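Novice: What Swiss-Prot records for this protein is below:
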SIGNAL    1-18  signal peptide
DOMAIN    25-244  domain 'Peptidase S1'
DISULFID  C31-C158  disulfide bond
DISULFID  C49-C65  disulfide bond
ACT_SITE  H64  active site, charge relay system
DISULFID  C93-C251  disulfide bond
ACT_SITE  D105  active site, charge relay system
CARBOHYD  N116  N-linked glycosylation site
CARBOHYD  N117  N-linked glycosylation site
DISULFID  C137-C205  disulfide bond
CARBOHYD  N149  N-linked glycosylation site
DISULFID  C169-C184  disulfide bond
DISULFID  C195-C220  disulfide bond
ACT_SITE  S199  active site, charge relay system
Amino acid sequence: MVLIRVLANLLILQLSYAQKSSELVIGGDECNINEHRFLAIVHTDISLCTGTLINQEWVLTAAHCDRGDILVLLGVHRLKDVQTRVAKEKFICPNRKKDNEKDKDIMLIRLDSPVNNSTHIAPLSLPSNPPSVGSVCRIMGWGAITSPNVTFPGVPHCADINIFDYEVCRAAKPELPATSRTLCAGILEGGKGSCDGDSGGPLICNGEIQGIVSWGGDICAQPREPGHYTKVFDYTDWIQSIIAGNTDVTCPP
């Protein structure tokens, strides 16, 4: 009954989001059922986000997805092999700017009990090195696949995008700071990209989570307007310290 209620709420949230903006993976195809074993639905009563399982007890997502009590669903693809967990603890950078959702947009969720690896559930590795400019990386999510007349596929969709130099994102938005702990990624001609409905989801390069979907333009997947992804490599020490029990650690400035 809990799962049915959550899935009904997810549909309502998706329809609500679709009326406000294009919150979706644009230009993708249905993910292979075996390629998103780490993908999580991060659900609250008022929001829908995505997350990434990084070990049996921890999920990585975006800090701006912290909007109340969180329920995490894993193994979701046509409702096969689903495991449901409640967020036991949530960790956000203590030095994050409270008035800026884009600042240090990363959150660790500790589950109330470990998940079991299965055919459709397994963690994704943290990055060993940062991605290179020009790398082809993978995004995925459950959002609509068309816009503005939305169509919901009912399964996660995936798309390949490119890592750009940060200056490409600054060219689209000159007000951005000179440096950033984010990755700039997308397709220069537009047509593929993630958006708000995929917030917290992974940017995957060479089998590792390199980015977390953070923010983008008001209209998604527009030409010369790449998306912004929290650069996970810069936060690996913080992540590993939290998991090890050092909850007083701060994030890099």
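Quick reminder: no glycine exception, Cβ is built from N, Cα and C everywhere.
Small disclaimer: the values here were computed from a predicted structure and weren't measured.
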Novice: Could you check which of the active-site residues (H64, D105, S199) sits closest to C137 (disulfide bond), going Cα to Cα?
Specialist: S199
Novice: Counting every protein chain present, what is the number of Cβ atoms, excluding its own, within 10 Å of the Cβ of D105 (active site, charge relay system)?
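Specialist: If we count other Cβ atoms within 10 Å of D105 (active site, charge relay system), we arrive at 26.
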Novice: Per DSSP, H64 (active site, charge relay system) is which: helix, strand or coil?
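Specialist: Its secondary structure by DSSP: helix.
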Novice: Given the recorded positions N117, C158, C169, C184, C205, C220, which lie close to C65 (disulfide bond), meaning Cα to Cα within 10 A?
Specialist: none
Novice: Out of C31, C49, D105, C195, S199, point to the one nearest C251 (disulfide bond) in space (Cα versus Cα); all of them are recorded positions in the record.
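Specialist: The answer is D105.
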Novice: Look up C169 (disulfide bond) in the DSSP assignment and report helix, strand or coil.
Specialist: helix
Novice: Pop the Cα-Cα gap between D105 (active site, charge relay system) and C158 (disulfide bond) into the table, whole Å please.
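Specialist: Roughly 22 Å, rounded to the nearest whole number.
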Novice: What's the CA-CA gap between C205 (disulfide bond) and C184 (disulfide bond) in angstrom, rounded?
Specialist: 13
Novice: Quick one: pull the CA-CA distance for N117 (N-linked glycosylation site) versus D105 (active site, charge relay system), whole Å only.
Specialist: 28
Novice: Please give me the CB contact count at 10 A for C205 (disulfide bond), counting all chains in the structure.
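Specialist: The answer is 21 other Cβ atoms.
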Novice: If you measure from the CA of S199 (active site, charge relay system) out to 10 Å, which recorded positions from the list C49, H64, C93, C184, C220 are inside that radius?
Specialist: C49, H64
Novice: Can you tell me whether DSSP puts C137 (disulfide bond) in helix, strand or coil?
Specialist: strand
